[in-house]
Amino acid sequence: MDQPTSPIDQSNETASSPPPPVHVVLYQPEIPQNTGNIGRSCVAVGAKLWIVQPAAFSFEEKRLRRAGLDYWQHLDIEMVPDWETLTTRLDPARFYFLSRFAKRTLWDAPLSVGDVFVFGRETSGLPAQIMDPEDERAVRLPTTSKVRSLNLATTAGIVLFEHVRQCSYLG
């Protein structure tokens with residue numbers, strides 16, 4: 001498989017832009033439609049989207065652009081080549097790791113402006129070297145036992161709007 005390419009090498013944020021109220025990290029995303037929908041949700045709340053490479057698709061894919069519709073040009077997005085680079089760009093102490101195996105629910109997490117929500121691959125989640133489900137920074141959305149997991153884009157949208165609700169930064 002060829003290495004995915006991306007025309008997006010720099011953040012769309014300008015030097016005079018205020019810092020984003022929240023960050024979303026997609027670790028090696030696999031489904032372009034999910035990434036497009038998450039990008040659209042990020043635009044809606046002013047979040048910055050980070051992509052930890054490699055992604056399983058090209059950022060030129062029509063499915064990605066279609067899911068993000070005409071909002072993609074407003075998205076503050078940055079690609080990083082690996083996890084280690086991300087941890088030098090963002091404060092790991094602000095990370096929340098989303099996992100269906102986490103003990104703590106998102107509702108019990110003390111959210112604040114500047115938080116970073118880290119989402120794993122659609123098929124396998126986050127690797128053990130990045131997230132321990134016992135860590136207090138690992139959070140989950142509560143669901144019934146009839147549902148194995150929620151769609152990644154759905155989960156990201158719920159997380160973002162819970163962050164908005166708790167931190168009260170949108171009217």
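Glycine is no exception: its Cβ is also placed from the backbone N, Cα and C atoms.
Where the annotation comes from TrEMBL, it is an automatic prediction and has not been curated.
Cβ environment of LEU141 (S-adenosyl-L-methionine binding site): LEU98, THR105, LEU106, LEU150, THR155, ILE158, VAL159 lie under 8 Å away, each six or more residues apart in the same chain. LEU141 (S-adenosyl-L-methionine binding site) falls outside any helix or strand according to DSSP and counts as coil. Sequence annotations record features per position, and here TrEMBL assigns S-adenosyl-L-methionine binding site to LEU98, GLY120, LEU141, SER149.
According to TrEMBL, the compositional bias 'Polar residues' annotation covers 1-16.
According to TrEMBL, the domain 'WW' annotation covers 77-112. With DSSP states grouped into helix (H, G, I), strand (E, B) and coil, the domain 'WW' (77-112) comes out at 13 helix, 10 strand, 13 coil.
The region 'Disordered' feature in TrEMBL is assigned to 1-21.
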Enter the number of other CB atoms within 10 angstroms of the CB of LEU98 (S-adenosyl-L-methionine binding site). 25
Give the number of CB atoms, excluding that of SER149 (S-adenosyl-L-methionine binding site) itself, located within 10 Å of its CB. 14
Taking residues 6+ outside the domain 'WW' (77-112), which of them lie with a CB under 8 Å of any CB in it? 6, 8-12, 23, 25, 27, 39, 42, 48-53, 118-120, 125-126, 130-131, 133-143, 148-149, 155, 158-159, 162-163, 166-167
Looking at Cβ-Cβ distances, which residues of the chain lie under 8 angstroms from GLY120 (S-adenosyl-L-methionine binding site) while being 6 or more apart from it? TYR27, GLN28, LEU98, SER99, LEU126, PRO127, ILE130, MET131
Can you give me the average pLDDT across the domain 'WW' (77-112), rounded to a whole number? 97
Checking the spread of the S-adenosyl-L-methionine site as listed (LEU98, GLY120, LEU141, SER149): what is the longest Cα-Cα distance, in whole Å? 14
